Amino acid sequence: MADEPLVLGIETSCDETGVGVVRGTTLLADVVASSVDDHARYGGVVPEIASRAHLEAMVPTIERALARAGVRATDLDGIAVTAGPGLAGALLVGVSAAKAYAYALDKPLYGVNHLASHICVDQLEHGRLPEPTMALLVSGGHSSLLLAPDITTDVRPLGATIDDAAGEAFDKVARVLGLGFPGGPAIDRRARDGDPGAIAFPRGLTGPRDAPFDFSFSGLKTAVARWVEAQRRAGVEVPVADVAASFQEAVTDVLTRKAVRACREQGVDHLMIGGGVAANTRLRAMAEERCAAAGITLRVPRPGLCTDNGAMVAALGAEMVARNRPASALDLPADSSLPVTEPLVPAGEPG
Ligand code: KG4
Ligand code: ZN
């Protein structure tokens, strides 16, 4: 629709320089320049390298996204940017660029929450989110169950990881197995040739007295490392595919079990899964099965929209414009620990 808001979104919270252009709930362009290869030899994201890569990629990525969308910067109704949470230096590059464009073009600026964006991106694939939406957010930095009565103003955490994020567990286990970085896609691939029932790895926080919607993956990670270590000490070849499949099964079992339970207890009949780990094929299949059995409609964006990108930021920005939310102040801060309960950094917040 030509009358829907046209918004540019900028994402630089980690190692992806993402710029997206969205009109309402329609995706027009999604360009991602990743510095992931620069981090691979360190086995994890190096913040300083990420910041420098963002700085180099920022303007060309914005220009490419505008060109691909076939729109001019002057046509935009707003500029959205990830204000947090994320790496402070990395966020700062995106926030500074967004401020410069917003100021130069005289457009409203929306400093939005990375986690709410991971949820809102699904609108580009499956249309408007139902209200409330139950969301399972699983990424390299976060694992949370969130109830969102209104994605632009009201996001409520029901539970979260008490130690490692799900993606972090994938990355660490991949390192133990020598599968490289990032670990999620590598484990996903290797697990296809493995037996998910080969090794009974622990399911954290699933006891009757445990917090029903919190997660813990550090015990699982340690269990995998110990198991692999024991094999190596005994001189036995490590069955990498079986370990990958069994580990992946333990993670996805806990995630889907808790998400379905949250929907049931809150009386919500939709589940959205977002964040980088939502690209996992086993998680998608298991969630599909369990949601169908529980009468829950599952919404998972395609893998490219689950990992960090600019379109998700533009999607949330467009929703802010559509609902007439007040724009952020031009001196909005990049907030590395922006709480999940704050989808939009409000106007007039001290810089
Ligand atoms: O959302 P994201 O791109 O960045 C953060 O905000 O953290 O998530 C990155 C995380 C990494 O830990 C990566 O290993 C994981 O998502 N990931 C996957 C898959 N693809 C990416 N984990 C499991 N299976 C995958 N296919
Ligand atoms: Zn993310």
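Cβ coordinates come from backbone N, Cα and C, glycine included.
Pulled from TrEMBL, these are the features on record:
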- His114, His118, Asp308: Fe cation binding site (BINDING)
- Leu137, Val138, Ser139, Gly140, Gly141, Asp171, Gly184, Asp188, Asn280: substrate binding site (BINDING)
- 27-314: domain 'Gcp-like' (DOMAIN)
- 331-351: region 'Disordered' (REGION)
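According to DSSP, the secondary structure content of the region 'Disordered' (331-351) in residues is 0 helix, 1 strand, 20 coil.
Counting only the Cα atoms, the space from His114 (Fe cation binding site) to Asn280 (substrate binding site) is about 20 angstrom. Within the model, the domain 'Gcp-like' (27-314) shows a mean pLDDT value of 96, rounded to a whole number. Counting Cβ atoms from all protein chains shown, Asn280 (substrate binding site) has 28 others lying within 10 Å of its own Cβ. The 10 Å shell around the Cβ of His114 (Fe cation binding site) contains 26 further Cβ atoms across the protein chains shown. Residues Leu137, Val138, Ser139, Gly140, Gly141, Asp171, Gly184, Asp188, Asn280, recorded as binding substrate, reach a greatest CA to CA spacing of 18 Å. Checked against ligand 1, the binding-site residues Leu137, Ser139, Gly141, Asn280 give Ser139, Gly141, Asn280 as the ones with a Cβ under 6 Å from it, listed in sequence order.
Neighbours of the Fe cation site: apart from His114, His118, Asp308, residues of the same chain with C-beta atoms within 8 angstroms of the site's C-beta centroid are Glu11, Ser13, Thr82, Leu115, Ser117, Ser139, Gly274, Gly275, Asn309, Met312, Val313.
Neighbour counts of Cβ atoms within 10 Å were compared across the binding-site residues His118, Ser139, Gly141, Gly184, Asp308; the minimum falls on Gly141. According to DSSP, His114 (Fe cation binding site) is assigned to a helical segment. The Cβ of Leu137 (substrate binding site) lies under 8 Å from the Cβ of Leu115, His118, Ile119, Ser143, Ser144, Leu145, Leu146, Ile273, Gly274, Gly275, each of which sits 6+ residues away along the same chain.
Between the alpha carbons (Cα) of Gly141 (substrate binding site) and Asp308 (Fe cation binding site) lies a span of roughly 11 Å. The binding-site residues near ligand 2, defined by a Cβ under 6 Å from one of its atoms, are Ser139, Asp308, chosen from Leu137, Ser139, Gly184, Asn280, Asp308.
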